[in-house]
Every structure is written in structure tokens, then in C-alpha cells.
Amino acid sequence: MSSNTHGLPLHTHKPSRRTTANRIFAVVYGCATLALLSHHALSLLNSTTLTSFFITLTFLISDSILAFMFATTQSFHMRPIYRKEFPENLRRVVKESDFPALDVFISTADPHKEPPMNVVNTALSVMAYDYPIQKVSVYVSDDGGSALTLFALMEAAKFASHWLPFCRNNNIVECSPEAYFAIDRDSHLSDQVENIKVMYKRMKARVKNVTERGKVAHEYITGEEEIQAFNKWTEEFTRQDHPTVIQVLLESNKDKDITGNLMPNLIYVSREKSKTSTHHFKAGALNVLLRVSAIMTNAPIILTLDCDMHSNDPQTTRRALCYILDPEVRPKLGYVQFPQLFRGINKNDIYACEHKRLFQIDPMGMNGLSGSNHLGTGCFFTRRAFFGGPSNFLPPEIPQLSPNNLVDKHIWSSEVMELAYCVAACNYENNTNWGLKIGVRYGSLVEDYFTGYRLQCEGWKSIFCHPDRAAFYGDVPINLVEVLNQNKRWAIGLLEVAFSKFSPITFGTRAMGPLMGLAYAHSGFWPIWSIPITSYAFLPQLTLLNGVTIFPKVSEPWFLLYVYLFLGAYIQDFLDFVLAGGTFHRWWNDQRMWIIRGLSSYLFGLIEFLLKYSGISTHGFNLTSKVLDKDQRKRYEQGTMEFGVPSPLFVPLTMAAIVNLVAFAWGHVEVFRGNNNNNLEGLFVQMFIAGFGVVNCIPIYEAIIFRSDGGKIPRKTSVVATFLVFLLYLAAHVTLRNSAAKSVFCQSTIL
């Protein structure tokens, strides 16, 4: 199917050939799941002891959660579609002079965790877009209020006068200098490449020197405008308490490159912050950019990017326009989402940072419904989408912020700058709809997920655009504690949405329909994976150690149900992963990290959310570090997991590793003893689960026993985990040995 304008297709789409098979599998698997849960319920009613009741109830709850998560997963399999764009047809349909203007939002918050050179490369890569220059404005939100970031962008503005014509004249597609110079180039461009590479290295050295010093030295400040800009950083200026800083670094009406062509607008924005005002983290910073950009340029299209997510294709904006300019799609189109893809991932992606299901498979499944969720970066929004639904426009408090307002004043004019400073004030949003009904939405640490969800509930549709050439590339954390902390923050934010009045199960289903509601619920309830994962990581093993059989024998009919449910879920997940371009080794590490997250970040996120919900604890926004350590980088490239930092997140992982290994070994002892009550047929399922855990915990055993580098598990963590395992075993031993539960028969399985 295609959408045609003047007889020329701008985009096409086709359904997946696996749709029918997916639907049949969902029905069959669902029936098997219901049979298991029914048997759990009957076993619970027939329990004869408190211990058997507890064990059966635990597996009933765990398997019910797994069944619920399986049901939500099937929403992505009901109508997946694949899209293709034809940007080469745009010029035949629309004149370039009629292309809509584009405002690019780049967010950063800490120059020590998010190096300024990352911001520089991202800004330069989008400034080099194949798009009318006078229609592009790049806004950088520095929520840390750092003079280091401003200095880096000043250097970028100077370098851009050489870099942009170099990219344009040589048809460069990798417009991030760091990415471009990382690859050997053709000899016919060697002189040009070498000259501009020297310029880039000099700029990089200056930025690095300033960053290491922690301040901008006087020898780096050359002009009167620069002196005035940096004079704003007084002794009272802190990242938590400072005035607004807005600095126009390039202006498309006057600043030209070395070939005489105009350059895009480049504007630095650091909003006012006060310790007495709530700032709403990244969501608040994006809303300030929405208002400041509305005052200065008010482009109808907005691209949001993280500071480390550089452009990899100058045609990306034109691909987005293939949908935005389609008269059949445009009236209800809220945003066009590109996938998050990453450079620097090691061969087998040991931390599953690719998030193939989250960033590629699931959005493709939502593409055939109302469209993909918002993934936080690489997203082209229509500005109108932030102001009510398609048929329900919510005007802002002043007309200058309306998406329909025409900016007819110079961005440097006193009137524009005065109003821009006003809307960036920390108390501007008081008694307004910002963050509630208009703009980026507040109420969750995962503002991207929540905002996209709310926009679709209001009636907006979205498009997931996944071209053959990656539109954007980003960086990933290279140590486990950073990965788990990032996932813990996501877990807390997702639960804030899942258990709010906007819960996808209730509010979302009513607003968007059951399939979209379930699709959003799948992500929203991610952290409850921790309940069944933790249950299966400890309970079968502890009962095995105490000689208690809790699963059916291999010769009994119920055993086949267990086999089908386990293999069915894993085979479907494997096929989805591999058919989306993954490999077996990456899939294996992906499922391993699912278990690791369930025992750490999801578990701690769930606990922290419950504590916060009870008024016992609060949490804050933690950045993921993009700074690279050489030793960590070397171990990461070798495929070795990093456990070197003492963290409570590693304690349950180490506990699970110890319990599974001991239980697996003890199970073999029981079998070799030839005990009729504990033969292999009766213990097979428990031993299989323990063995499966052992195989997945191999990196943990290596980090405890065999490694001597800085990435090994700290001795304190191992000691604490061992002590807790001993206490856990004693508690289980006393409970199980003093009960009549040795013949407990809890029908349960991993879905």
C-alpha cells in the first residue's frame, strides 16, 4: 500500500507475513496459560498446610504476572507493518522553499557525565542536514548551567564555518566529525580531510583542556561578546541556583561559512533554576525550549535529540517530511519516531544495551495500530501536537507561544530576548497548563514514554520510521552498574505512570483501544517482571536443597504443558530477535540481562517506588555517564562484564548465583544417591531451573572466583551475599522441614 501525492509515492507500507502465525500462536499459548493458572487455583484450594499454601500462592502470583506480560507482548504481534519512504520524490511534490522550518532540541545536563564534545558532534551533525539552511535552528538546553558547555558550543560555531561546506561539497553522510574521522577515507580527499581533521583536533584539545580545568581561562576568551557571556558565571552561580542564560551563537540571517553561505541558527539556553522551585528534570528543560524557540523561531517541526545521539544521515529530515507533508496523514500525525541505534556496542552486546525489542521490534508492532511510542530521542514532533488533541486545540497563556504564531522580529531584538528570558524563568509555569495539559508532560521520570502516551491518548497518531541507513547513532554505558542504574530509573518512572490515574490498563485502553492500551502496559509494568524472576531464582532451588518436590514428574501429563510454555515463549522471543537482525549470541545475552535486570534494577526500582508511594523515600534523576575509562573499555570490548563498583544491586545477583549453583550440585547428589523420593524424574524441573540459572550466572562466577582485575565482584559483596544466602537457607530449612509439605505439588512454570 502507498500514499501518493501527484502520482508519486512519498511512502509505502506492507504487513508482516508472520501476522497470521502470530495470532494463532497467541490463542494456543493463551489457552495453555489459562490451563496452568486454573490448575494453580485448584491446587491452592486443596492445600493442606500453610507452607504448601504459601508455595502455591507464590507461583500463582508469579505465573499470573508472566501471563499478563505475555498477553501485553502479543499486542505487538497482532498487526506489525513495515514502512518505506521515498525522499527523492519530495522535490517533485513540494518546492524546497515551501519546506516547513525545523527547530532541533539537544539536551544535556552535566559536562562531567556528558562530555561537551558529544554535544558539539551532535549539534554539528544536524547543522549539516540536507535541508534549507535558513529553516534550521539548533537549540542546546544546558540544564547544568555550565560555562564549559557554552565554551564548547562557541568553538563548534567557529568550526562549523569550515565543517558545513566540507560536508556539503563532498556529499558527506556521516556529519559527526568524531564518527567521520574514525574511519579511513578515500585518497582523493586526503588533503581536505587532513586539513579539517587538524582543525577538529585543535578544537577538541581546547575543549578538553577547559573541561579538565573546570573553568574557561581568560586566554580562551577572545571577543567582547564572549566576555559578556562568561561574566554571567559569578561566584553565586551554581547548577541548582542560577539565572537564565540565552546566547545566540550563530544567526542564519548574518553568519556565513568560509564559502559565503549562511549557516543555521545555533542558540544556547540554560533556564533559570532556584532551590525553591521544582524544575521537573529533563521534561522541564524541554518545555523551556518549547517556549523559548516559540518566541525566537517557532518552527512547526521539532526534532528532539539527546546530547550523544548524532545524525548519521543528512536525508533524515526529508524522510520525516514524507509523512508530515502527506495530506492524508498530516491532520492527526503527532510525531515521527526513528529507532535508537548505537555505536560502540561490543560484538555480542553483553549488557543488551541495543534494547532491540524496546527500540525496534515493539515500535514496529505498534506501527500497525496507532503508532510507535516516543523513545526519548530521534523524534520529529509537530509543534501543534503539544497543544491539545487534533480536534481540541488548547491555547497557551500568551499568543506568542501558540504554534500558529508568526515570528516577524529579529531573534536578537530586545523584545524577543526579553520575552525569551521571561518564559525561561523558574516560576513561569506557575498556574499554567505546562506539563499538565500542554507541552512535555510531568509526573514521571520517563517523560518520553509518558508524553508520547498522553499525546496518543489525546488522539494523535505516530509513525515509526526505520530506514536501511541508521538515522541516528548514540553511545551506550560500558559498565554494568551504569546500565542497571539507568534501568532502575526507567523502572521507577514507568511505575509512576502504570499506577497513576493515567494507567494504560484503564485510561489508555479507554482512550486508544485494548491493543494500544496493552502495548503501553507492557512497558509501563516492566518492573513487575522482578516478582516472577526473583521467585524462580530462589524458591525452586531452596525446596530442592530441602528435598521438597514441587513440580510434576517427567512421566506425568502436566510436564508437557511446562515444556510447551517454556519453549513457546523462548522460541517466539528468539525468532523475533533474529528476524529483526539479531544474532544468537546477542539474543542469549539479551535474555540473560532480562534476568539480571529482574533481580536488580527492576527489583530495586519496584521497592523504591513502593517506598516513595508510601511516603517513606524519595528519588531523584540520575544521569548515565558517557565518560569512558580505558580499562573498562578494554574489558568491555573483550566481552567481560564489569562488577568492580560496590553496589547493592549486585547483592541479589550474587545470591541467586550461589543458590542456583549449590542447588544444582545438590540435586545431582540426590540423584546419585538413588533416593526413590528424589530421583531425577521427580527433580528434573527444579534441577533444570537451577541449571538454567547456573548457565546464565557464569559471568558472575568468573567475577567472584577467577578474575583479579578491577572488574571483579568486590569481596564485601560476595561475603554479604553468602551470609544472606545462609540465612535464607536456614529459614527455608526450618519452614520446610517442620511442615508436612514434602509432597507439595505446585503446578507452575516459566512462561
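Counting begins at 1 with the first residue displayed.
Glycine residues also receive a Cβ, built from the backbone N, Cα and C atoms like all the rest.
The following features are taken from TrEMBL:
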- D143: active site (ACT_SITE)
- D448: active site (ACT_SITE)
- S107, K113, E114, D143: UDP-alpha-D-glucose binding site (BINDING)
- K282, D306: Mn(2+) binding site (BINDING)
- 21-41: transmembrane segment (TRANSMEM)
- 53-73: transmembrane segment (TRANSMEM)
- 518-539: transmembrane segment (TRANSMEM)
- 559-582: transmembrane segment (TRANSMEM)
- 594-611: transmembrane segment (TRANSMEM)
- 649-671: transmembrane segment (TRANSMEM)
- 683-706: transmembrane segment (TRANSMEM)
- 718-736: transmembrane segment (TRANSMEM)
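With a cut-off of 8 Å on Cβ pairs spaced 6 or more residues apart, the transmembrane segment (649-671) and the transmembrane segment (53-73) reach fewer than 3 such pairs and are scored as not touching. When Cα-Cα distances from S107 (UDP-alpha-D-glucose binding site) are compared across the recorded positions D143, K282, D306, D448, the shortest belongs to D306. Proximity of distant same-chain residues to the transmembrane segment (718-736), defined by a Cβ-Cβ separation under 8 Å and at least 6 residues beyond the stretch ends, is recorded for 51, 538, 542-543, 545-546, 548, 650-652, 654-655, 658-659, 662, 704, 742. Proximity of the transmembrane segment (518-539) to the transmembrane segment (594-611) is established through 3 or more Cβ-Cβ distances under 8 Å for residue pairs spaced 6 or more apart. When the record's UDP-alpha-D-glucose-binding residues S107, K113, E114, D143 are compared pairwise by CA position, the greatest distance found is 13 Å. The closest partner of E114 (UDP-alpha-D-glucose binding site) among the recorded positions, by CA position, is D306; the full candidate set was K282, D306, D448.
Contacts of D306 (Mn(2+) binding site) defined by a Cβ separation under 8 A and a same-chain sequence distance of 6+ are given as I106, S107, T122, G376, T377, G474, in order along the sequence.
Among the listed stretches 21-41, 594-611, 683-706, the one sharing the most Cβ pairs under 8 Å with the transmembrane segment (53-73) is 21-41.
For D143 (active site), the spatially nearest entry among the recorded positions K113, K282, D448 is K282, judged by CA separation.
Close to D448 (active site) in the fold, though at least 6 residues off in sequence, lie H374, L375, G376, T377, each with a CB less than 8 Å from its CB. The list of residues near the transmembrane segment (594-611) in space but at least 6 beyond its ends in sequence, with Cβ under 8 angstroms from a Cβ of it, reads 352, 480, 484-492, 495-496, 499, 526-534, 537, 617, 619, 648-650, 652-653, 656, 693, 696. Here the CA atom of K113 (UDP-alpha-D-glucose binding site) lies 15 Å from the CA atom of K282 (Mn(2+) binding site).
The number of other CB atoms found within 10 A of the CB of D143 (active site), across every protein chain shown, is 24.
Cβ neighbour counts within 10 Å, taken over all protein chains shown, single out K282 as the most crowded of the binding-site residues K113, K282. The number of other CB atoms found within 10 A of the CB of S107 (UDP-alpha-D-glucose binding site), across every protein chain shown, is 23.
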